[in-house]
């Protein structure tokens, strides 16, 4: 019995602890965002508030579920097999937060691809499929009122993790490809693009690797809660990636530029180039007002800040 508790409710407890850790990082990032970007458009501020609230609500749900099993039902083994509403609903909150963050990155793809509707719709369809599957799994578990019903929903669980990992990789790859098209003759510009590419790849790999890890844990040990504990933190990887993307804009803004044909000439930054994207203007990168005065200055192609 002890070993079973280690891999079931013990795993849930560890999952809650890790989720709390990532929630703390998310809260810090949200604070930094509101301090450094008070003039951001209201849509971005609302998005940050929504994803933080969804993750906070999710943490309350899984903590309550863990308290129910490990404290309130302590010693009553018959109650350990009954699913609680808090544990049943946590999937929906993870799905909503994930969908909101993916929507942000899909919007970046839509902008960078010059409104490629087909590409954006295909990726959006994959994101929506994962969310719908989350809702279906949650509804099925609520109906059958059993924590072990995950083993019955084998096809749905495998589809959630595999499609989710595939969509994350696809979004990262598409963003990297469009970022590569933004290279210019400015060494500093290309250096920033390389940093953004690394950040984009790391973000996509992190969520994909964790999703694959959840899938492997489910396939290897379907009768344990290890995959559920890992899934507790999956949504927070998305939300932390979103906040890290927004907060990185300040450090990635270009300040001095040096023309490759005249390395001794420092081009002073005098304004920030912005691009209107439907709901508002996103700061992207800095460019000199005087670069046109330099003979043979190449044209700077400005892309939206993408991660």
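Residue numbers in this text run from 1 along the chain shown.
Backbone N, Cα and C define each Cβ position, glycine as well.
Just so you know, TrEMBL annotations are computer predictions that nobody has curated.
What TrEMBL records for 12-35, 47-70, 90-111, 118-137, 157-180, 192-219, 225-246 is transmembrane segment. Residues or ranges marked as domain 'DUF6534' by TrEMBL: 165-251.
Counting Cβ pairs under 8 Å to the transmembrane segment (47-70), the stretch among 12-35, 90-111, 118-137, 157-180, 225-246 with the most such contacts is 12-35.
Nonlocal intrachain contacts for the transmembrane segment (12-35), taken as residues 6+ away from its ends with a CB within less than 8 angstroms of a stretch CB, comprise 45, 48, 52, 55-56, 58-59, 62-63, 65-66, 69-70, 225, 228-233, 236-237, 239-240, 243-244, 246-247.
Ranking 90-111, 118-137, 157-180 by CB pairs under 8 A with the transmembrane segment (225-246) puts 90-111 at the top. In terms of DSSP secondary structure, the domain 'DUF6534' (165-251) contains 74 helix, 0 strand, 13 coil.
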